[in-house]
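So that you can see what the record holds, here are the features copied from TrEMBL:
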{"type": "TRANSMEM", "residues": "18-38", "note": "transmembrane segment"}
{"type": "TRANSMEM", "residues": "50-74", "note": "transmembrane segment"}
{"type": "TRANSMEM", "residues": "109-132", "note": "transmembrane segment"}
{"type": "TRANSMEM", "residues": "144-164", "note": "transmembrane segment"}
{"type": "TRANSMEM", "residues": "176-194", "note": "transmembrane segment"}
{"type": "TRANSMEM", "residues": "200-221", "note": "transmembrane segment"}
């Protein structure tokens, strides 16, 4: 993803032939996500509705409100502000499941939360964006809703159906799906950066600060939400990851299609940053577990 950003900035002529590919690339990512899903992932809604409900509500409350707060505190220009808010109103990121696994969180809950927030995106993402950013820029909520259905919901459902009908083929290609998603999101980053490279020099630092604050506070408040609602440690970790990581590819696609190249920049930066920070968060949680295990071993030896 970092390489994609560098190519977009330093060699925009390489990216220009694929400048219109953002939406199809996102469709590929979401189809890949659908291929990894199974009906059992949605069954968790019935088995454990409370943590799923808490997590999804936190997703669509914490991140949008954090975005508005950051926009206000940093006094961001309208185009960047709308981009930050759009990221905040997006569903959970597709790589959050991997990070939740690495963080020793509740992976089943992570998959279900991502799936549910994605299914709800055609309703919540345009509505929240219109409500929170409508005064800064014209927001075509109706058109955005249909775009999300086309580029997110339909590919996810199609992937799920293909997995049910052709499980043996999906099993063969499943190991390469994460790499395909990484390549696709890297291409999206390159396209967005190439389209806003002139503004990047002047606005890049403030966008990076906004993204880091948004992502970090999302992790923190997501984790605290789990603790405050008395969820197990594994579920609290998952909520931290799910709330903090966003489907920035969707935000980039919508900003590119309905807003301006500069409005897509926060999503591009978020795409790179939240994967780096997600690895750090996972490492921190694993470190906590290792230290707890060491203390337990020392206590047993002392006895």
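Cβ atoms here come from the backbone N, Cα and C positions, even for glycine.
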Message: At a threshold of under 8 Å on Cβ distances, which of 18-38, 109-132, 144-164, 176-194, 200-221 pairs most often with the transmembrane segment (50-74)?
response: 109-132
Message: Would you say the transmembrane segment (176-194) and the transmembrane segment (144-164) are in contact under the rule of three or more C-beta pairs closer than 8 Å, pairs 6 or more apart in sequence?
response: no
Message: Which residues of the chain, 6 or more past the ends of the transmembrane segment (18-38), have a CB below 8 A from one of its CBs?
response: 94, 111, 114-115, 118, 147, 150-152, 155-163, 170, 173-174, 177, 180-181, 184-185, 187-188, 191-192, 194-195, 249-250, 252-253, 256-257
